[in-house]
Amino acid sequence: MSKPLFVTFEGPDGSGKTTALNGLVKYLQKNRNDIDFIFTREPGGSQNPAAEKIRKIILDKNNIIDDKSEALLYASARRLHLEQTVWPALKENKIVLCDRYIDSSLAYQGEGRGLGIEFVKELNNLATDSTWPNLTIFFDITPEAAMERAADRAPQDRLELAGARFHKKVYEGYKKVISSSPERFRVIDATKSREEVLEDVITIIKEEVLI
C-alpha cells in the first residue's frame, strides 16, 4: 500500500508544468500500476463543482475582483478541494499529485498582488488547517520566457493578462517561498525540452516518492 504523500507542482504560467504533470500521470498509469494515486488541480478540481464555480469567477477576464477578494476566493476553493478530494485520498493512503496549491497563492496574491506572503500564508493556514505538501516540484523559468510561451496558447485568463510587472513579482515571490522552505522544494530547469523536463520530474518522483 502506498504511504500517504501530498506532492504539488508549481511554476509561472507558461512553465510547462501542467504538460509535464500530464506526462507523469501517463507514465505512472503505464509503468507503475502498483501505485495508488490521484491527479487533481487548483483552483477547482473535477470532483468539486462548487470549487469549479469559484475557479470560473477568479479566472474570468471580464470580472473585476479586488486583491483581497481574489485571495479569499482561492482560499475558499482550496478548502473545498481539500475536504472533497485531497483529505479523503490521503486518508485512504493514496499519493496526491496536485497542479498548484498554497505556494501559488503566496506568489500570486502575496507577492504579485502585494498582499504580503505572511498575510496570505496565515489566511491559507486557516483555510487548510495548516495542510502543507510533503514535496513541491517547482518549474523554474524566467517571467519573460514563460510569458512568451503562454502567449502562444489561448484563451488567456485574468492572471495571464495581468502584465509583465505582475508576473515578474510572482516569480520573485516563488523564489522567496523556496528560500524559506528549501527542504520541501525540488527545482527543475523548465527551459529544457518537454521530454527532458518530464524525465527530470519522473526522476524526482522515483527518488522522493516511489521508495
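Using N, Cα and C of the backbone, Cβ positions are placed for all residues, glycine too.
Annotation source TrEMBL lists domain 'Thymidylate kinase-like' at 9-200.
PRO12 (ATP binding site) falls outside any helix or strand according to DSSP and counts as coil. Annotation comment: TrEMBL describes GLY11, PRO12, ASP13, GLY14, SER15, GLY16, LYS17, THR18 as ATP binding site.
Over the domain 'Thymidylate kinase-like' (9-200) the predicted model carries a mean pLDDT of 91. Within the same chain, residues at least six positions away from SER15 (ATP binding site) with a Cβ under 8 Å of its Cβ are PHE139, ASP140, ILE141, ALA146, ARG149, ALA190.
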